[in-house]
Each structure stands twice: as structure tokens, then as C-alpha cells.
Amino acid sequence: MTATMMRPAHRAAESRSLPARLFLGAEDDPRWSRPALWAVLVTALVLYTWALSGNANAYYAAAIVSGTQSWKAFFFGALDAGSFITVDKPPLALWVMGLSARIFGYSTWSMLIPQALAGVAAVGLVFSAVWRSFSGVRAGHAAALVAAVVMTLTPITVAINRDNNPDTVLVLLLVLAAWFCLESLRTGRLRSLLFAALFVGLAFNTKMLQAYLVVPAFAVAYLACARVSWLKRVGHLLAAGAVLLVSSAWWMVIVDRWPADSRPYIGGSTDNSVWDLVIGYNGLGRIFGQGGSGGGGGGGAGFGGESGAGRLFNDIMAGQISWLLPFCVAALAFAVVIRVLRMPSEDAPSGAAWLVWGGWLVVHYVVFSFSSGTFHPYYTTAMAPAVAALSGMGVVVMWRAYRRSRAWAWVLPLAVAVTGGWSFVVLRRTPDWAPWLAWVVLGATLVAVAVLVLARIRFGPWAPTPGGSAQVTAKVAAIALAATVIAGLAGPAAYAVTPLQSQVNGTNPTAGPATGGGMGGFGRPGGMPGGGQFPGRQDGQNGTTQRPSGGFMRGGVSDSMAKYLVANQGEATWLVAVPSAQQASSLILSTGKPVIAMGGFTGSDPAMTVERLKELVSSGQLRYVMAGGDQGGPGGRGNAEVTSWVQETCTAVDGQDGLYDCTT
């Protein structure tokens, strides 16, 4: 692939005013394009904001609350306002939500609206990136609109954009990076490539090494397609690498240089080092399982199924992201054929676009499929931009071949058949949930394929300009288009509306009906017109729970204990020290007080030592400690010394099981 494969971008006509261009598009844009885009964006906003309630992931919600109480906790991403321990991710996503909470006060909406807006922005950027990759105006807008619709209706993306996990901000930053990478390939400007590197670096400060999964695709695309000499390509990539390093490492360097005794313990690390968090818990631990530090290993089968080539197609994962993966594979394969055979492609997307989005998808598929560490279904929202872009570009390219090529007209009907067939399989895995939908999808698939095949046999190649059979072919195209949309999007659309039916709580948000796999539970299935359940959240799969009954908060901390602690905190900095973030998060959210999570998120972090605990108690910063009972050992599985010291030295509080007063 060479620089000549890049297409010029479409420039908006200047005769229209800015508001007119914003809402109607440029004068040379198709009249339907901009209003259709706005309709998609409004749909996305509704899906991402309708009936928001709850604290989402209490772990991150507690950190956001703490960040509104302390700028130190805000900067480090500490779980508690006293800054004892950080969450196990870098804080950029928390900063976005935390600033909103500081401005408007903490609430579900002040926390989650920034997430929803980031999701909507990502949809718009995918539209722009795909459109600018085409030379043909109408073809580009058609592909971009399909991509925007697919991005909006990806089930796991809807679920995560209603949550406070960092993946929403991660996706937005990576889409921004892709937009600038493609712009640099179009124009040959180094500045755009440096902006792409900057946004990948910021994404690193959202979810660490996962952000780098797009780097191979960007680098290969630039080496293959940049509009500069080979020497300059290498030089530009080195410059981008320098920007990437600086934009990735600046927060880590500050934290590492900060005196350890005056900052929070780095949650998820084994040695209070942010570098260990990057390489271990959020790095090798995610890929190789037990080889990583902290709690990064294991658990993969519990959340996302066993690792392997079929993971993304298993009962747990298929309904979240896999609906259009067969179509994307077909699109990529056909793109390779087009390039190898040098088929005419005057209105096709640029080769760079195929490399960027195709590489993005392939790398994520390999890593997500074969990782042995903890793997949540919602991680796959990072694949949604590539799935969307490839779907949009693939539809246009296959439609063009169907209309104009005798040899390759069969590609589109085959892709529709495989995609619709896979949707039918996924829907039939939950036969008690909207049982009629699978048959609607199958029927639409058969109609679409039959119309496409019969029309091609009857009319042959369609002229690119209106001819004698223009009216007939237009009607045939409309029928085929409607049936294809139902075949490809009915399933994901039905799954996509399910997150709107339940409160946003828990650590593992997903969409769709229960599939019988995974951990935890969430939500209540509702009724659906015409029989069957209304598409509800995956009760047996998404790892989320409602607040337990019987006066207990999540984590086994009773309401009466929380009230007792608040009434007797006195001048202590922390309300209580508890074994893990599970108890700490619920207490922080219910009381608004700082709480020490001695073992971090998993309860295994060696953040608390006997010496540190003695210091906190003797200085009056801490009075109460939870230890023993069924709460597990504080400070990590191997830190029995802390438990023993508490039980031997402190006084058990009457009527509060597992609670000790260390000042008496």
C-alpha cells in the first residue's frame, strides 16, 4: 500500500453559515446525512442516560466521592478521602467524573452524565473518521452512518456508557487517537500523528496497557500508507513514540517521585509502586493470570469464559460484541481481495482506514480471546469502534461489488446470510427470552438473501446511473436494505435496550438476558408486548447485586454498625479500617466518611502492616478495625500478623460482630 491510496477529505462549502453546516451539513453533503446523524446521536444519548440511578461500580463511586472531599485523593485516585490507598487504575476517568461531582455535587447524574456524553462523542467521532476515509461523498456518508448506528447499538457499549468504569473514557480517547492517525495519513502532517500519540497516552492514564492495543495498527498503517518518504515515516513514528512516552508516564513519574509515606498506597501493587501496577496487576497479570501480581490473575473463566479462539462467541460473551464479527471478517477479507486484485475502487475507503480499523479489531480479538487473567465482558467495548467502522465500510464496498461486478456479486448475500445466521444462533441460546425475535431475524435473513440473489440474477449488474430499470432496482434495494437491517441489527438492538430496565450497580455490567454463565446477578426482567420477557440485564452473568435485605450493606457491614461507627468516630481521620474495598466502598457511600481498605480491591494488597496500624491508632487517626468473623484477613491473604495483633490487642465491640476498638 502506498501514499497514493489515501483520499482527499471533503471540504464543507463555505456558503452556508456555521449553524447551518452544523445541523444540515455542507452543501455537497447528501441531504439525508446530517439529520440522520443527529437522529443517531439523540438515540445514543437516550440509550446512555434514560432512567440512570444507583452508584454503578461502588468501588469507583467511592473514589469519586472521596475526590470531592480531598484534592489529594482526587489527584492520586484514592479510594478514601484520607488517602490511605488508591484504586487499581490510573485516575484520568475519575478526574472527569470527579470534576462534574465537585461542580454539581455528587449524585448518580453528576457522576454518569460525563460518561454518557463521552459515549455520544465517540459515536460522532466514528462517523467523522469513517466519512473522511472515503473519496466518494455519498459512499462515505452512507458508510459513516452505518458505523454510527452500529456503535450506538453495540450492547456492551450501551451498558458500559451507563456505568462509571473507565472503559467509556478509554474508548473516547482511542477513537480520538484513530481520528488523528487517519488525518495524519490523509494530509501527511506530523502534528496530527503527534496528537494521536498524545491521546493514546491519555488513554494509558485511564486503563494503562490496554490503551496500547491500538498502537500496532496505527504504526503499521503509517509505515504502509503515509504520504512521506520512508525515512520520514520512521522519524515521525519515533517522534510519536516520544510523545506517547511522555503523555503516558507523567502521572506515574510524579507518583513514583512522591515520598511514599505522604501519598496513598498504590492499590493493586505488591510493593507500593505504580510501575508494579502497570506491569503486574494491569499488565502481565491480565494476560497470563497467576503470573501477575495482586488480584490480576485468575478468575477469567468466571467472568468471560475460558480463554481460546471461541471466547468471544461463547454463551457469556456472544450477545455483548459478536453480532457483527462475522460481517467484519468478511469485510476485511474482501478488502484484501480488492487490494490484491487491484479492483477499481474510486469510491472505496482508503487502504489506511482498513489497516487502522482492521488492525485494531484483530489485536483486540487475539488479546481478549487468549488472555488467562481476569477478563470482564465489558472490556470488549474497546472493540466496538473497529466493529462499527468495518461494518460501515464493508456494507458500502460489498454493495458496490454487488451492483457492478459479476464475479463478486455473491459476497454481500453471503455476508448477510452468515451474519443473520449467527444472530439467530445467539438469540436461540436463550429460548425463553423474546422467543419470537430469533425467528424474525431468520426470516429477515432469508428474505434479504433471496431478494439479493434473485435481483442479481434477474437484472444483472446495475448501472451506476439511472436507467430503464431504475425504479425496479430502487424498490428491490429498499426491500433488501430493510431485511438486511433487521437481520443484522435486530438482535443487538434488543440487547442494547436491556440496560435501561435496571438500576446501575455492580462491577460487571452487561446487556441482554441471563445466559447461565458468570457470576453475580442484577436487575429484574420485565414484561414485553406479545409474550416473553422484556429484555433484562443478565441476572446470572454480570456480577452485580442489589443492596441485600436484612439491614446489611454490600460487603456484610450492617446498618447498625455504620451508625455506631459514625456516632463514635470522634476526632479520628478514618471511620474504620476494613479488610477490603468491598466493605470500604459501601461505608464511604453510605456515610460520606473516609474508610481504610486494608487489602485494597481484592483484599490481597499488603497495604497495611502492624507497624502502620499501631502508628495510626497511637496518633488518634484510627480507632476501629474490622477483623475476624467472615470478613477475611485484613491486609491480604498472607498478612495474618495484622489480624492477630488486632484480636490480641484491641477490644471487641459488644453487639458488633468482627468490630474492634483499638483505643481501649
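The backbone N, Cα and C atoms fix where each Cβ goes, glycine too.
Automatic, uncurated: that is what TrEMBL annotation is.
These come from TrEMBL:
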COMPBIAS  524-534  compositional bias 'Gly residues'
COMPBIAS  539-548  compositional bias 'Polar residues'
DOMAIN    88-250  domain 'Glycosyltransferase RgtA/B/C/D-like'
DOMAIN    562-648  domain 'Putative mannosyltransferase YkcA/B-like C-terminal'
REGION    524-552  region 'Disordered'
TRANSMEM  36-53  transmembrane segment
TRANSMEM  115-134  transmembrane segment
TRANSMEM  141-160  transmembrane segment
TRANSMEM  166-182  transmembrane segment
TRANSMEM  211-230  transmembrane segment
TRANSMEM  237-255  transmembrane segment
TRANSMEM  321-341  transmembrane segment
TRANSMEM  353-372  transmembrane segment
TRANSMEM  378-400  transmembrane segment
TRANSMEM  407-427  transmembrane segment
TRANSMEM  433-455  transmembrane segment
TRANSMEM  476-497  transmembrane segment
**Item:** Annotated stretches the transmembrane segment (321-341) and the transmembrane segment (378-400) touching (3 or more Cβ pairs under 8 Å)
**Value:** yes
**Request:** Give me the stretch from 36-53, 115-134, 141-160, 378-400, 476-497 with the greatest number of Cβ pairs under 8 Å to the transmembrane segment (166-182).
**Result:** 115-134
**Complete:** Outside the transmembrane segment (353-372), at least 6 residues beyond either end, the same-chain residues with a Cβ under 8 Å of its Cβ set are 1, 129-130, 133, 178, 181-182, 213-214, 216-218, 220-221, 224-225, 286-289, 297, 300, 304, 307-312, 325, 328, 332, 335, 339, 379-380, 382-383, 385-387, 389-390, 393
**Contact between the transmembrane segment (115-134) and the transmembrane segment (378-400) (3 or more Cβ pairs under 8 Å, separation 6+)** = yes
**Request:** State the residues, same chain only, that lie 6 or more residues beyond the ends of the transmembrane segment (237-255) and have a CB under 8 A from a CB inside it; answer 'none' if no residue qualifies.
**Result:** 76, 90-92, 190, 193-194, 196-198, 200-202, 204-205, 211, 215, 219, 222-223, 263, 266, 274-275, 278
